[in-house]
């Protein structure tokens, strides 16, 4: 029987929407939190709002625009080109401190609404080199949050060891593959659904979908 409550860190993208469906299957009550950190595309927040409303999930939007002032990057500035990391450098889309701050504020919100679980869609398999998507970081932060608030939060990372094809498969298991494909925004250029097809996020998303659909046809 479902008994516990969870808060889902929710961007309106493929991964966090899949996590939303994952959480709906596991917890008696869930709420979602989206962070406005000055993203290039306001549409990202609107997507999150629409999905949460359609699924009947209480949705919080927190102002984190200070992050844009501290750490300019390709996700928040039109004049910074979206580029993969070269020669060991981080991609231009990396936002220093983003997951640290988002999960910390999600922890504060969780303590206020009585949620034990904090769900996030970070993934080490297809993590694009972001250090704050690693399992070791999440485990460390989980300990820190509990010590800082004298609580017993559990940070759940259902996608941590899944590649993009497996993430599509997980959405399909919940009967949500088409929902995730048509309603979510992953594209760095702000194009909903299958996206622009050119940016790194769209290429990774399409590659995973093609792999999964090819695999599914065989069975």
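Positions of Cβ are set from backbone N, Cα and C atoms, glycine also.
Annotated features, as they stand in Swiss-Prot:
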- 10, 11, 12, 13, 14, 15, 16, 17, 18, 19, 20: ATP binding site (BINDING)
- 187, 196, 199, 202: Zn(2+) binding site (BINDING)
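Overlay of Swiss-Prot feature records on the structure.
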residue: 10; record: ATP binding site; Cβ contacts under 8 Å, 6 or more apart: 16, 17, 19, 20, 32, 33, 34, 48, 51, 52, 59
residue: 12; record: ATP binding site; Cβ contacts under 8 Å, 6 or more apart: 34, 44, 45, 46, 47, 48, 49, 50, 51, 184, 185
residue: 14; record: ATP binding site; Cβ contacts under 8 Å, 6 or more apart: 167, 171, 180, 184, 186, 205
residue: 18; record: ATP binding site; Cβ contacts under 8 Å, 6 or more apart: 121, 158, 159, 167, 170, 171, 174, 176, 180
residue: 187; record: Zn(2+) binding site; Cβ contacts under 8 Å, 6 or more apart: 195, 196, 199, 201, 202
Original post:
Minimum Cβ neighbour count within 10 Å among the binding-site residues 20, 196, 199, 202: which residue?
Top reply: 196
**OP:** Other than 187, 196, 199, 202, which residues of the same chain sit close to Zn(2+)? List them in sequence order, counting a residue when its Cβ is within 8 Å of the Cβ centroid of the site.
**Re:** 186, 188, 189, 191, 195, 197, 198, 200, 201, 203
